[in-house]
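Here is what Swiss-Prot says about this protein:
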DOMAIN    10-72  domain 'IBB'
REGION    15-34  region 'Disordered'
REGION    69-90  region 'Disordered'
COMPBIAS  73-90  compositional bias 'Acidic residues'
SITE      S107  site 'Interaction with m3G-cap structure'
SITE      K146  site 'Interaction with m3G-cap structure'
REGION    211-333  region 'Necessary for binding to the m3G-cap structure'
SITE      W279  site 'Interaction with m3G-cap structure'
REGION    317-365  region 'Disordered'
COMPBIAS  345-355  compositional bias 'Polar residues'
Amino acid sequence: MEELCAALAGGVALAAPNSPAAPHPRLSAYKGRGDRLGQAERRRRLLCLQRERRLDYVNHARRLAEGDWAGVESDEDGGEDGDGEEEMEVDAGRRLPKRYANQLMLSEWLVDVPVDLEQEWIVVVCPVGKRALVVASRGSTAAYTKSGFCVNRFPSLLPGGNRHNTMNEKVYCILDCIYNEAEQTYYILDVMCWRGHPVYDCQTDFRFFWLSSKIQEEEGLGEKSRINPYKFVGLQNFPCTSESLCEVLTTNFPFEVDGLLFYHKQTHYTPGSTPLVGWLRPYMVPDILGLTVPATPLTAKPDYAGRQLQQIIESKRSKKLAAGKAQPSAEAAARNGHYELEHLSTPQPANSAQGQEEAGSQMEN
């Protein structure tokens, strides 16, 4: 477990380069501290590393499902992550040690377009919502924030998720979801464990295929009921060919679209930010990927996109006046610039008071 914890901690350290908490590097004049190795090179190194490394994900999944951390040094929950994204009201009694923090695989901005994008990548269209770690085990289903706080506990028709479908303690599920409060729906983005079988070290294309087939086997999972008060709905994935992406951008999805996640097919599920998962807003696709796409509601640039550069300039100017520095840090700019923050909601229209204050992304990419 010590090796696994160290590896997971290393994965989180990748969050700085090209973080979606700041503007897309190719769509603004703001210069962060940069990506010294380059996104393409870091992708290559991570693919090599995951082939060489085999971690004890069986035991890790069991600990998450059962909450059994005996024999593991406690990482007590003193202090927050410091990035202020968790504004939910969480009962002090429901706070857990940081074991459940940083368990989700997060993206970076897609900056260096992969040369093998069409052959080796797949894309998932993501609804507006909050990322959630969902654990169904021992007759109950729990939803955790990225920071590891339990914000909901309820029955579900997930294997191990309610008292009626839990035959033994080895039946449990661990899912990466996007929760949409308005729809009372958990959109299943990825799977880490199903019926006690961990798939952390399986490739993305297999995980997605396996997840889709397992969801279809669970009757009633996509409907609200007394023992399934929240719907669980799988998200489709698509090829990254030019034709497929154009078709995706003209599709009328049954939810409000937040953005696109691009997954390398060979990516293992690794907690923390990784260049093997890229994030783009739909309107960015023509500029970043160089595609000619039809004019649709998804590809229309929102008002806040044009305001980003001005916000960055104003943020820099205020920082110079306040601290006498040449340029603010990426973290400070993200706090003060009010642009595409990683953990806030997709901005309201420009005439909305809330929209003028917060132009960001609700999904923790």
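Just so it is clear, glycine is given a Cβ too, placed from its N, Cα and C backbone atoms.
Of the listed recorded sites K146, W279, the Cβ environment within 10 Å is emptiest of other Cβ atoms at K146. The secondary structure of K146 (site 'Interaction with m3G-cap structure'), as reduced to three states from DSSP, is coil rather than helix or strand.
The two recorded residues, W279 (site 'Interaction with m3G-cap structure') and S107 (site 'Interaction with m3G-cap structure'), have Cα atoms 6 Å apart. A simple way to gauge crowding: the CB of S107 (site 'Interaction with m3G-cap structure') has 26 other CB atoms within 10 angstroms, across all the protein chains here. Across the domain 'IBB' (10-72), the prediction's mean pLDDT works out to 69.
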